[in-house]
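Enquirer: Below you will find the structure I want to go over with you.
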Amino acid sequence: MSDILSISELNLAKKRVFIRCDFNVPMDEFLNITDDRRIRSAIPTIRYCLDNGCSVVLASHLGRPKSGFEEKFSLKGVAKRLSRLLDRDVIFANDVIGSDAQNKASALKSGEILMLENLRFEKGETKNDEILAGELAKFGEIYINDAFGVCHRAHASVEAITKFYDDEHKAAGFLLQKEINFAQNLIKKPTRPFVAVVGGSKVSGKLQALHNLLPRVDKLIIGGGMAFTFLKSLGENIGNSLLEEELIDDAREILKKGKELGVKIYLPVDVVAAQSFSAESAVKYVTVQEIPSGWMGLDIGPASVRLFKEVLADAQTVWWNGPMGVFEMDKFSKGSIKMSHAIVETHATTVVGGGDTADVVERAGDADEMTFISTGGGASLELIEGKELPGIKPLRKASE
């Protein structure tokens, strides 16, 4: 971890600091924030800057606006929530690099906070545009990246902006350091037995991570929609369940590689099946060998939960990424929720990655019991895959 430039090593005294945060929070149709975990996660870095007499400019994206300003993607609500959490004013700019932002930034005094409007209202943000990055860099003498959730994206406020700062004036915030730490320790020195639990709908999104995890884990549990491609590769009849036909050979290859490495791989033994994904559809609990034709598995069944619980019993480290079923609908969420309970009961070091998985853990009431809940899905997967992330690379110390 010492190879990453850290905020605690910088001389911040009374400087203006630009912090790239990840305030990409879920909202309901009335634009109320339904989960403010990402906002709360940014507070230690913000407070540290304020304690050093800094003035602070915060920048983030929210959602994926198509072209320019859209009310539902405004960060105004985030500024209000942050103000409440910090118990101090957060000044809000109605644009990103326009006159409102510039005027408010130049009037900023020590101890004051300004939040810019959604970075993605500027089309240059996602294009990693250096002109936009240069404009953003004018907002701070110091650049801090605390947005792990976007570190796998080469965007203007994440990568291009770092070119405007030398090593004395840029660093990772506390949240980013914590994220990198957990991911690196997981890969390099997990306490064993190390069990990876991988779910979610698609094998394609997790293929590289599975290949990278196999030599490092002791056991691998595969659930969610992606399990059906593995079951199909073993010759099971999976009915209408989700299948990535073109990845059957890859699935077979992973199972074979697991066997060669002595890694035990566990797949669901039963499922909750329905004819369609709807609240009205009748459901059946069936073994994976007996999914009726025209029916699809939408969650793991009770026997799978029992099996996976036994597999986890002696775990010392658990990494979980991806739900066990289509948890958005109550009747198909039980497997994921029971999995969450089972992981918490292990008393192992438990690391949860990915937005959906974090939602499951929150819903199960287990969030406080997990060792660490990562704020980034794609980013944590890419770190596990062993990739260098565009947002982290410029924050590595030059000498190493």
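Cβ coordinates are placed from backbone N, Cα and C, and glycine is handled just like the others.
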Enquirer: With Lys206, Gly297, Gly354, Gly355, Asp356, Thr357 listed by Swiss-Prot as ATP-binding, which of these, Glu179, Glu328, Glu388, is given for the same site?
Expert: Glu328
Enquirer: Which residue of Arg120, Arg192, Arg216 does Swiss-Prot report at the same substrate site as Asp22, Phe23, Asn24, Arg38, His61, Leu62, Gly63, Arg64, Arg153?
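Expert: Swiss-Prot names Arg120 for this substrate site.
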Enquirer: Give the number of CB atoms, excluding that of Arg120 (substrate binding site) itself, located within 10 Å of its CB.
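Expert: By my count, 23.
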Enquirer: Identify, in sequence order, the residues in the chain of Asp22 (substrate binding site) that are 6 or more apart from it along the sequence and have a CB within less than 8 Å of its CB; answer 'none' if there are none.
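Expert: Those within reach of Asp22 (substrate binding site), by Cβ under 8 Å and sequence separation of 6 or more, are Arg38, Ala42, Ser60, His61, Asp146, Ala147, Phe148, Gly149, Val150, Thr375, Gly376.
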Enquirer: Select the closest residue to Asn24 (substrate binding site) from the following binding-site residues, measuring between CA atoms: Gly297, Gly354, Thr357.
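Expert: Result for Asn24 (substrate binding site): the nearest of the binding-site residues is Gly354.
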Enquirer: I want to verify one value. Collapsing DSSP to three states, which class is Asn24 (substrate binding site)?
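Expert: DSSP call for Asn24 (substrate binding site): coil, neither helix nor strand.
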